[in-house]
Amino acid sequence: MMSGKHYKGQEVSCCIKYFIFGFNIIFWLLGVAFLGIGLWAWSEKGVLSNISSITDLGGFDPVWLFLVVGGVMFILGFTGCIGALRENTLLLKFFSVFLGIIFFLELTAGILAFVFKDWIKDQLNFFINNNIRAYRDDIDLQNLIDFTQEYWECCGAFGADDWNLNIYFNCTDSNPSREKCGVPFSCCTKDPAEDVINTQCGYDVRAKSDAEQKTYIHVKGCVPQFEKWLQDNLTVVAGIFIGVALLQIFGICLAQNLISDIEAVRLPCCLWEGQRA
């Protein structure tokens with residue numbers, strides 16, 4: 001027999017619900033933007049029309065950064081946004097677990113990087129040298145290497161001679177390239193009086209003596225320069241990592257609180273409906 005009474009119990013916190021929704025919709029939109037940029041870059045390079053060319057590049061394709069980061073942000077933003085708006089505990093649990101896994105992976109990577117410093121240095125050296133070989137194969141990779149060398153005022157992994165690994169810059173007699181025994185312009189020391197970048201400043205520079213090279217290019221490698229930058233900015237880097245970690249923990253806690261609120265509201269309602277039936 002139906003009763004005329006109405007059940008009125010605990011309600012889901014609107015503050016938590018719409019805070020999670022608002023925060024995650026920003027992540028969702030950023031994820032869409034990153035994915036869009038990545039797919040557009042691949043479209044411009046003809047990768048989408050020839051998927052097999054993804055594996056042709058010998059070095060690292062920077063587009064992967066946009067696609068992976070964008071994909072993670074899209075998934076997190078979607079599950080958090082829709083989960084909060086629709087009060088869907090399954091999506092919210094997925095959001096919470098996924099965010100927890102990312103936090104655990106970041107924590108593990110940080111600990112391993114601190115414990116195995118020499119191994120990380122060797123891997124970084126291998127990574128840079130592998131990309132030096134593919135410098136002319138991909139415009140995005142080329143721009144990434146040039147930016148790195150300009151920003152950290154470095155050349156090669158451990159020195160300018162690492163550019164011998166590239167078929168266009170090596171000093172072998174059989175190399176017909178005009179860039180033979182040279183380095184990219186991003187290795188060159190900047191002249192404040194020059195408004196236009198001289199892209200030929202690195203030509204034949206490694207044919208000169210070591211003392212002369214210092215006048216024209218940065219002779220320090222990018223691995224030691226990165227280590228120096230990390231030591232000089234350790235407080236800032238640590239602060240960013242701690243801030244991101246706290247934000248992730250905060251997101252997990254909010255999601256768990258919202259899940260608890262939703263389940264606390266639904267259980268008495270189910271019991272009430274059962275009594276009415």
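Glycine is no exception: its Cβ is also placed from the backbone N, Cα and C atoms.
The transmembrane segment annotation in TrEMBL covers 21-43 (among others).
What TrEMBL records for 63-85 (among others) is transmembrane segment.
Annotation comment: TrEMBL describes 97-116 (among others) as transmembrane segment.
The disulfide bond feature in TrEMBL is assigned to CYS154-CYS187 (among others). Note: CYS187 (disulfide bond) has non-local neighbours GLN149, CYS154, CYS155, GLY156, ALA160, TRP163, GLY202, VAL205, ILE217, HIS218, i.e. same-chain residues 6+ apart with C-beta under 8 A of its own C-beta.
Same-chain residues at least 6 positions away in sequence with a Cβ under 8 Å from that of CYS171 (disulfide bond) are, in sequence order, ASN164, LYS180, CYS181, ARG206, ALA207. Marked as disulfide bond by TrEMBL: CYS155-CYS171 (among others).
Positions annotated as transmembrane segment by TrEMBL: 234-255 (among others).
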Any contact, the transmembrane segment (97-116) to the transmembrane segment (234-255), with at least 3 Cβ pairs under 8 A: yes
All-chain count of other Cβ atoms within 10 Å of CYS154 (disulfide bond): 27
